[in-house]
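One structure is given below, encoded as structure tokens.
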Amino acid sequence: MGKNVVVLGTQWGDEGKGKVVDLLTERAQYVVRYQGGHNAGHTLVINGEKTVLHLIPSGILRENVTSIIGNGVVLAPDALMKEMGELEARGIPVRERLLLSEACPLILPYHVALDNAREKARGAKAIGTTGRGIGPAYEDKVARRGLRVSDLFNKETFAVKLKEIVDYHNFQLVNYYKVEAVDYQATLDYVLSIADILTAMVVDVSELLDGARKRGDLIMFEGAQGTLLDIDHGTYPYVTSSNTTAGGVATGSGIGPRYVDYVLGIVKAYSTRVGAGPFPTELFDETGEFLCKQGNEFGATTGRRRRTGWLDAVAVRRSVQINSLSGFCLTKLDVLDGLKEVKICVGYRMPDGREMTTTPLAAEGWEGIEPIYESMPGWSDTTFGVKEHSKLPQAALNYIKRIEELTGVPVDIISTGPDRSETMILRDPFDA
């Protein structure tokens, strides 16, 4: 039987999942996105050439891999067409390698308009969304009024359904948010112009994956964002609108939950966060600037500067718990090169003086938290591009070992640079 491996983020996203998925897909036959939308930004660097993917799975660059967008993904037709066009211009036959679930909810212009209108109305209390309509599209899905890829098979019925939902959302946009209405005809004309392209890629994803599993094929599930942004388990309300955890794999793809064999958690060697929300280890000093500059911490999707801080082992332990992680991939270790001292948060001191070694459950519980740090010597020798475990500086090895001790999870892969080749695989998830 084949192995099914999940790759997901253990922090607030931007951990380096895309590179790891691309690397491991050398052995996989299928790569599946199961949640999120084009709010993701997965950066791949292969032989020095950079590719940023937002919606299409990171396996698309591999000839032997079928990439699948599962039902848990909210799909923006315009974003998909743009991404397909960019890849096809480079000679990548996307339409031969990409398949879609007919149950994917569609993100349409009124979702984007609502997203931006709401963020503007929130003012200082804005969530910090990407403004791409992700949340409103999931709202429509749950409210059972959303349009899906399957609706594109009947264009006459689609036109009627679209008119109803455009009128519904325009009422709110115009009368409550005092912004312009979305143009129904322009939306309809565009979607119908590309409908046949999308429907040609539709398959029964659950059936396909079950057949692949029975044949012994290797399947990889690619998560987007990170565990601490999960709609249920994250720092609510400063979260995304989907289940970013391992539990989302089954519901977002149609694979049976017993058929997940290994869950790889991507953990950055320090912490970052985009947008508002709790971040106990955030640094506002020159070390924070150092991490931002050395790590090039600017969003692949929005270009926004990421907030930076020390590694939070308490938060990562929560990810271990929720996702039943099998192993870690430690990324961006090289960014810490040159620091005289590195720190890991091992607990929180609450405003009343109590110490905690677990994360609060509600956003209010994070207020006033002070991180309790454990300090370790840094290293001056470079780890950038190192491909042998034994050649890492001893202080870096000690740092890795301490992460394993604090979380109870082995580091199976170490990334020492952005390129596919700058990686050490100590234990292959497909063989674990």
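Using N, Cα and C of the backbone, Cβ positions are placed for all residues, glycine too.
If you look up Swiss-Prot, you'll see 13-19, 41-43, Arg306, 332-334, 415-417 marked as GTP binding site, on the strength of sequence analysis. The DSSP secondary structure for Gly13 (GTP binding site) is coil.
Marked as active site, proton acceptor by Swiss-Prot: Asp14.
Per Swiss-Prot, the feature IMP binding site maps to Asp14, Glu15, Gly16, Lys17, Asn39, Ala40, Gly41, His42, Thr130, Arg144, Gln225, Thr240, Arg304. Counting only same-chain residues six or more apart in sequence, the Cβ atoms lying under 8 angstroms from the Cβ of Gly16 (GTP binding site) belong to Ile266, Lys268, Cys329, Thr331, Lys332, Ser415.
Asp14 (active site, proton acceptor) has a Cβ environment of 28 other Cβ atoms inside 10 Å. The Mg(2+) binding site annotation in Swiss-Prot covers Asp14, Gly41 and rests on sequence analysis.
Annotation comment: Swiss-Prot describes His42 as active site, proton donor, evidence class sequence analysis. Secondary structure at His42 (active site, proton donor), as computed by DSSP, is strand.
Annotation note: Gly303 (substrate binding site) sits in a coil segment as assigned by DSSP. With a cut-off of 8 Å between CB atoms and residues at least 6 apart in sequence, the same chain places nothing near Gly303 (substrate binding site). The substrate binding site feature in Swiss-Prot is assigned to Ala300, Thr301, Thr302, Gly303, Arg304, Arg305, Arg306.
Proximity to His42 (active site, proton donor), judged by a C-alpha distance within 10 Å, picks out Asp14, Lys19 from the recorded positions Asp14, Lys19, Thr130. Cα of Arg304 (IMP binding site) to Cα of Asp14 (active site, proton acceptor): a distance of 12 Å. All protein chains considered, the CB of Leu333 (GTP binding site) has 24 other CB atoms within 10 Å. Within 10 Å of the Cβ of Arg304 (IMP binding site) there are 13 other Cβ atoms, across all protein chains. The binding-site residues under consideration are Asn39, Thr43, Thr130, Gln225, Thr416. Their Cβ neighbour counts within 10 Å are lowest for Thr43.
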